[in-house]
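Chemist: For 20-273, the entry in TrEMBL reads domain 'ABC transmembrane type-1'. Look at TrEMBL and you will find 340-574 tagged as domain 'ABC transporter'. Annotation comment: TrEMBL describes 20-43, 63-88, 142-158, 164-182, 250-271, 283-302 as transmembrane segment.
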Amino acid sequence: MSVLKSLFVFAGRHRYLTMLSLFLSMLSGLLFVLPFVMTWAVIQVLWQHGLQQAAYDQALSYGWFALASALGGILIYVLSLFCSHLAAFRIASNMRKAALQHMAQLPLGYFMEQGSGKLRKVIDEAAASTETYLAHQLPDSVQLLTTLIVILICLFLFDWRMGVATLMGVILAMLNMLKMIGPGLADAMKAYQDALEKMSNEAVEYVRGIPVVKTFQQTVFSFERFHAAIKNYEKFALGYTRQMRLPMTCFSTIVNALFIFIVGCLFLLLTSGLDVQGLFPDFMFYLILSPLVALTTNKMMFASENTMMAKDGLTRIQEILATSPLHEPDAPASPQGFEITFDHVSFTYPNSQQEVLHDISLTIPEGMTVAFVGHSGGGKSTLVSLIPRFYDVSRGSIRIGGVDIRQMDEATRMDLMSFVFQDAHLLNKSIADNVRMGYDVSDQEILQALKDAQCEEMIDAFPEGVKTLIGAKGVYLSGGERQRICLARAFVKKAPILLLDEATAYADSDNEQAMQKALKRLAKGKTTIMIAHRLSTIVNVDRIYVLDQGRIIESGRHAELISQNGQYAAMWKSYQESIDWKVGDEHA
């Protein structure tokens, strides 16, 4: 499917404006060549008849016709751009709306996988590139193509020998242009855009973290991905530039030296004994026409490059639209209780061949607190992300209260659960708004939730209390403080199932006990699932599951697992040694 045909999907009735714009562009391309033909006619008349009154009058009429053609071409071209811009703005707007409306139906796992910077770039910049293509490149391309066709006709209309000489230069230039815009470069352009997309994504995350880094003197080591993305982009940008260097140099040299081919042809014709009297007007026409040929060919090249970029942007939008939302049941069911059951669950990430969870079966009784531990990459976070259906399982099923989560609608699932993740995202709004998150709760309930989440000292430190705007007037929260705000959200929501992914990751030794106290209060009476690297936070949970390479290899209470002397015992020993080392280092 062509770029234009694909874009017309978003055009609606505005496609007729685009088609009108293309017709007007074609007409303007024809009119822009006429002044050059009229110039040749003026030279021809004056060369043959001198400054006789009749010749002068005829030349003057040609001149007025040339001026009228030029002005008409400009006016029609402006009308063409007016139509193309109206259509382009509407199509780009429809494209953004379609992408955002579709994204609203996609599972949360998609957004965790893609990253906010990447999605922002795809929607904004891809839509912008197609808007530019429709508003400028497409009408310009049609105009240039029309001009080029008329020029090629003119090349053989007056003197075919000089036309062949000019055409030889054009062909040589085109061969070099094909090296820069040919089908083989589509992969290179995609790789370049992928690198740019990744850099944009990492830049967004980096900039978001700068206030916290500066305020709390945290290390920037976690932002090394941004530097790696820049180096990756540099590699593709330099590689693309080196690949284009030779053909671009040859192309520019040839198109700007077309007159050499014409002069060379004239020299050969004169040496063969032809009369200069008959050749001079034609020679002047080709000499005057050569800058137009160069300009048209140059513009064609850049228009083709922009077409490739628009096509790449459109492809990325189509990839979003092609992502299937999770199937919602026609007759949603409600759970009878809050027991969670994994029944032979296996999982493979979308667009991956590697299975990351293998035949997981376990039951978490209602009101029980369990923890998943294991080395990085073992599948802990993936397993927990399947409970709210961020992704669909590849095999098996997950049930809550005896009901397969695929038989619940999204609203029911989300109402059942509260989340506290390691990377706590807050809105640039007041602390109260960040805790409330749209729930109809009173200010008193907000204050109580913040108190339960051990946020009292933090709130008291701000002059405006819970009305303090996060990110305004130098108000930035540390990672631990942000997590406690998320804990307060969970207190407000009062969901029966609690999912904690490294909920104390940023807690220092001074406030870890306070965090543990808040978590204990929050988890009371709830079905709670924890992921933790700090093993001291899970010693009192009802059951611990040890995951390794997507499989449960051990389970039991803390004391039972220690007595088994398996992987958990080894992890506990390493954890204790790391604590002893830190304490020893502090007293050194």
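Residue 1 is the first one shown; counting continues down the chain.
In case you wondered, yes, glycine gets a Cβ from its N, Cα and C as well.
Curation plays no part in TrEMBL annotations; they are all automatic predictions.
Mind mapping these onto the model and telling me what they sit next to?
Modeler: Outside the transmembrane segment (63-88), and at least 6 residues removed from its termini, the chain residues within Cβ reach (under 8 Å) are 11, 14-15, 17-18, 20-22, 24-25, 27-32, 34-35, 38-39, 42, 130-136, 138-139, 143.
Away from its own ends, the transmembrane segment (250-271) comes close to residues 161-162, 164-166, 168-170, 172-173, 176-177, 180, 279, 283, 286-287, 290, 293-294, 297-298, 301 of its chain (Cβ-Cβ under 8 Å, at least six residues beyond either end).
Listed by sequence, the residues of this chain that lie at least six past the ends of the transmembrane segment (283-302) yet keep a Cβ under 8 A from its Cβ atoms are 33, 36, 39-40, 43, 140-141, 144-145, 147-148, 151, 154-155, 158-159, 162-163, 166, 170, 173-174, 177, 180-181, 251-252, 255-256, 258-259, 262-263, 266.
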